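What Swiss-Prot records for this protein:
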- 5-187: domain 'tr-type G' (DOMAIN)
- D17, H18, G19, K20, S21, T22, N134, K135, I136, D137: GTP binding site (BINDING)
Amino acid sequence: MVDQRHIRNFCIIAHIDHGKSTLADRLIEFTGVLTKREMTDQVLDNMELERERGITIKAQSVRMDYVADDGEQYVLNLIDTPGHVDFTYEVSRALAACEGALLVVDASQGIEAQTLANVYMALEHDLEIIPVINKIDLPAADPEKVKKEIEEVIGLDTSIAILASAKTGIGMKEILEAVVNFVPPPKGDRRAPLRALIYDSFYDSYKGVITYFRIFEGTVRKGDRIRFMATGKEFIVDELYIFRPGLTPVEELTAGEVGALAATIREVKHVRVGDTITLADNPAAEPLPGYRKATPMVFTGLYPVETNDYGRLRDALEKLQLNDASLSFEPETSEALGFGFRCGFLGLLHMDVIQERLEREFDLNLITTAPNVVYRVNMTSGEQIMIENPANWPDPSKIESVEEPVVRASIITPTEYVGPLMELCQDRRGTFLNMEYLNEKRVNLHYKLPLAEIMYDFFDQLKTRSRGYASFDYEVTGYEPSDMVKMDILVHGQPVDALSCIVHREKAQKLGRALVQKLRKLIPRHLFEVPIQAAVGNKILARENIAPLRKDVLAKCYGGDVTRKRKLLEKQKEGKKRMKAVGSVEIPQEAFMAVLSTDPDED
């Protein structure tokens, strides 16, 4: 049993690319958890996709033994956190499991938007924050400027800031000493009823769901009967583990320690991030605070290109759901695309990652429909309904008002790009809140934006207009009334359900025109004329025609009588008329993708 005074639980907070995973690698190597031979880059990012994109998606952990300068041996638990805004709830639970945090800032870049968001979250959890200025080996590094920025923007004392380079290994000992000296040891009575916070879980095909947790009070042993307080489910602990990146079995874990357990749990939905574990025969009176169910913010339809793959897609989604309880899906059918699923995600990166994993790990070809946010529709009858699929949009005459989700966005950018970025936010129906100067060269802009407007290519536009220098972070703040309408696309007079989208009334005309022009280029020509129309209700906003292909029926007439020619042309016209009445139009897959990339400013 480890003396509580010798345990330190900490995490690393950093913006993407500021060197968080590399720093974790160096600390693991420095404390000798893994030998040089066993080390791989980014030990804690085990998903191929995480390494490739350089992002951490699932929180991982490692336990390190370290003999400090005072001669005592300490147990340091590093809990790796995802840094991206979509996974904010996972970050908040991982932070709740710690007492301290290393704030890693790139010496050449300074503070970025996501760093700020996570620092404020760490301060809310009363964590002791140790600033680490990383990448000091870079020629462009300016540690003094970054120190000043940290002091001015966040208000942290940087006299204890550590200069480090995770790449070359400079400053690792200083970081570990700072963790021992500044991060407070965990508190908590080992004899009290068990209360442990779940901060992650993953599915193992042999052992079932493996639950990662941090114990706040009490003790858990192998063979105990445990209860999850949010779901009320009970299980018997088969095995307990600590992390030496891999799972290493132990007999018991007590207050202050971080570990994992296997209890033959078959479904990940029983294990919810943020829930409290207690003992069934001696339960705690109150769960730990802060648990909430993950609510999907973005919905999209996923359809297999080959209809026979429907079963495989369902199995793949079920497998992914085992590791990711925030993914929700239900079957849906579309006239244009056949059978598929309506999936809910935490945000756009989450959607992107899941889609890429489906295509890569399960070898599926997918068509995605345009992503939608959840609208709140107040009906004239007084009831309120939530709509995430344009197909379920009610009859306009029965709608009293519509509310859409809005976010508070924070954009950190060099001063010379403020103009183009403000213009971008105005275009996206943004409301300017305020702006603050971080130093003479960088500004933090605050905007209120509709979530639907940052869904498609806002991030790409942001990077384009700031030449890649701006960083962006947002939090959903609630719902606000908005004038939203459903826009249908009619091809050959028939509405195509998969192309319908919900847009703001003011933008409907512009978007409708851009969309029909795009579809005109993508839908192949037929033997009869095909009109493409964008409509809101009964009003047609834009129309384009696809000209028909025609056979030259006069080719064999040479000279000949004009009446003969006329007869052949009339006959052709009759045939076209009949064809137009019964013909069906092929819509290629690219046409569905066009909805995703329609930017009215392109043409």
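Cβ coordinates are placed from backbone N, Cα and C, and glycine is handled just like the others.
Here the features listed in Swiss-Prot are placed on the structure.
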residue	record	Cβ within 10 Å
S21	GTP binding site	23
N134	GTP binding site	31
I136	GTP binding site	20
Inset, instruction - Specify the secondary structure state of S21 (GTP binding site) as given by DSSP, simplified to three classes. - result: helix
Legend entry - Per DSSP, three-state class assigned to I136 (GTP binding site): coil
Legend entry - Within the predicted model, mean pLDDT of the domain 'tr-type G' (5-187): 74
